[in-house]
Amino acid sequence: MAMGLIRLLSIAFTLVLLSILPLHLSLADEITSIESVPDLQKLMYVAVDGFPCVRLLNLSGEIGCSNPGINKVVAPIIKLKDVKDLVQPHTILVTADEMEDFFTRVSTDLSFASKIGGVLVESGSNFQQKLKGFSPDKRFPQAQFSPYENVEYKWNSAASSIMWRNYNFPVYLLSESGISAVHEILSKKKMKHGTYTSDVAEFNMVMETTKAGTHNSEACLQEGTCLPLGGYSVWSSLPPISVSSSNNRKPVVLTVASMDTASFFRDKSFGADSPISGLVALLGAVDALSRVDGISNLKKQLVFLVLTGETWGYLGSRRFLHELDLHSDAVAGLSNTSIETVLEIGSVGKGLSGGINTFFAHKTRVSSVTNMTLDALKIAQDSLASKNIKILSADTANPGIPPSSLMAFMRKNPQTSAVVLEDFDTNFVNKFYHSHLDDLSNINSSSVVAAASVVARTLYILASDNKDTSNSALGSIHVNASFVEELLTCLLACEPGLSCNLVKDYISPTNTCPGNYAGVILGEPSSKPYLGYVGDVSRFLWNFLADKTSVQKGNTTSVCSKGVCSKTDEVCIKAESNKEGTCVVSTTRYVPAYSTRLKYNDGAWTILPQNSSDSMGMVDPVWTESNWDTLRVHVYTVQHSAYDNAVLVAGITVTTLAYIGILAAKSIITKALKQD
């Protein structure tokens, strides 16, 4: 009898526990592979791959995103469409087509903003089809640098300006695997109904400027919690310039393109149409011109300039012009006075329409030199009659040139004769300008090939001063379409990305997936920088341009094992990709790109006083990026505190009942033994 009572009590306690604790036997299947604590952590805390929005600063304040304090942010995940009245901060799951309205509401509804713990953004190529347009930039990007007064003009019709605002919470763009991880954990929510659990996102996106309380560029540079935006531009001449000889210097035809772009998310900045299509067109033209016989006999000097930092105050072009004023080593062989005309290649990836590639020539001013460039473009077009290419002059009703590097040239010298070639007339045709959606699928490679073909022949016409369309040399200039297409996949896709054979033939890239955000400038700026401080794309461009514009003395080549050549007019190319590089005669140089308001001294950056003679420096925001450690996001499931309390109470109750039961059983057994 006594043993039966104890058995009944045990069964009763077990039933109580089972009714309180919602055990899911399926969990056992999930953890069969756990062999260590790290395995358990990986199962419980799922690392989410993606791209962060980071904290940027200028002289007047901050933009971008960050954890609000020095600790991690942990908040339950909820889809934006399910948001009603939030009581506590949540992680909002936002789709790309909801971004503009969401961030606009955050900026205008402070009560709503206070309930945002963090944001996960779901995007993908399918959203490009759904969206009519999405550009987080302004209607007139960088209007403060405009050489004309009408800064209210709407160049960017898809503008929302959301990337220029300050958000006091972390924002993270999910990769494809990140989207899958978040959807998987949310899909189990219905299965876990009534289990007192929440699916949360944990953001470890703390910025050093937040920790130190340095909330503008001047303060953070003083405290060393940020670095200036910038990098290294590259220029090269075809043929090489003899720096030692100043005699018989030829007029310079300068061709310009940009290599950097921006988006809401730091490392998801492809900039396919704006500006990488123009960069690839320039490289395609250089490749074509490098195969022309007698290039050394041209009447004018061809110079190619690829700029970085243009998105952040035209850092590259302003610094290049400043170095020309200083006659520094970075621009040895060039001078302001030698530049006769400038041809910039802007956005040229969306020129194809109705089987015809149409481009618009925007000129800085009316002059004989500008007309010469426009005439050369028309002659080049006519020589390519079978290619269905059309060059049109931009609408005279436009207020002036569109946002481009030429603005820096015009502000420096209003008499600059220049033309910028674009795939638009009165406003951007790129509806994803400075957006993470401006990727390879947003452009047409045939449009880029067409632009490269026109540019190559235009440059030959300008440099040779020969307007004869029947010229055999002109007809021999052909752009390699396969080369252009390969280069587009190298610079605008993660597969193969920078691991493509074309890039690896010149450098050993540190990253596979290209990121065309300017980044920060590391160490002391120099025309001969430590290559570990130079980005992959800049290093590739330097090697590629040095190779294509080079000549070799005689038929011999010399090797350079440590990246140094014995002769002053030689440079060492392909030293990264091969054990031994090759010395070639080339005028190819790095030009540091950073604000003219900054000075580097004794390992630190300082901001120089305003100089009234530098009109662009007067309006320069001086952009910096906050230092940060590794940025991580995890998702996992947590129990509600109420549930934890219930389990605690249940445990105490069961323990108490068990104790009482044991005492009762002991008493019954004692009495039974006495009776026996």
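Cβ coordinates come from backbone N, Cα and C, glycine included.
According to Swiss-Prot:
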- ASN58: N-linked glycosylation site (CARBOHYD)
- ASN336: N-linked glycosylation site (CARBOHYD)
- ASN371: N-linked glycosylation site (CARBOHYD)
- ASN444: N-linked glycosylation site (CARBOHYD)
- ASN480: N-linked glycosylation site (CARBOHYD)
- ASN555: N-linked glycosylation site (CARBOHYD)
- ASN611: N-linked glycosylation site (CARBOHYD)
- 29-644: topological domain 'Extracellular' (TOPO_DOM)
- 666-676: topological domain 'Cytoplasmic' (TOPO_DOM)
- 645-665: transmembrane segment (TRANSMEM)
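Locations of recorded Swiss-Prot features on the structure.
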| residue | record | DSSP class |
| --- | --- | --- |
| ASN58 | N-linked glycosylation site | strand |
| ASN336 | N-linked glycosylation site | helix |
| ASN371 | N-linked glycosylation site | helix |
| ASN444 | N-linked glycosylation site | coil |
| ASN480 | N-linked glycosylation site | coil |
| ASN611 | N-linked glycosylation site | coil |
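Note: the Cα of ASN444 (N-linked glycosylation site) and the Cα of ASN480 (N-linked glycosylation site) are spaced 15 Å from each other. Taking only the Cα positions, the spacing between ASN371 (N-linked glycosylation site) and ASN336 (N-linked glycosylation site) is 21 angstrom. Each residue contributes its Cα atom, and for ASN58 (N-linked glycosylation site) and ASN611 (N-linked glycosylation site) those atoms are 18 Å apart. Between the candidate glycosylation sites, ASN371, ASN444, ASN480, ASN611, the densest Cβ environment within 10 Å is the one around ASN444.
Rounded to a whole value, the Cα-Cα separation of ASN611 (N-linked glycosylation site) and ASN480 (N-linked glycosylation site) is 47 Å. Summarising model confidence by region, the topological domain 'Cytoplasmic' (666-676) averages a pLDDT of 77. Rounded to a whole number, the distance between the Cα atoms of ASN480 (N-linked glycosylation site) and ASN336 (N-linked glycosylation site) is 33 Å.
Neighbour count (other Cβ atoms within 10 Å of the Cβ, all protein chains): 18 for ASN58 (N-linked glycosylation site). Across the topological domain 'Cytoplasmic' (666-676), DSSP assigns 10 helix, 0 strand, 1 coil. For ASN336 (N-linked glycosylation site), other Cβ atoms within 10 Å of its Cβ number 13.
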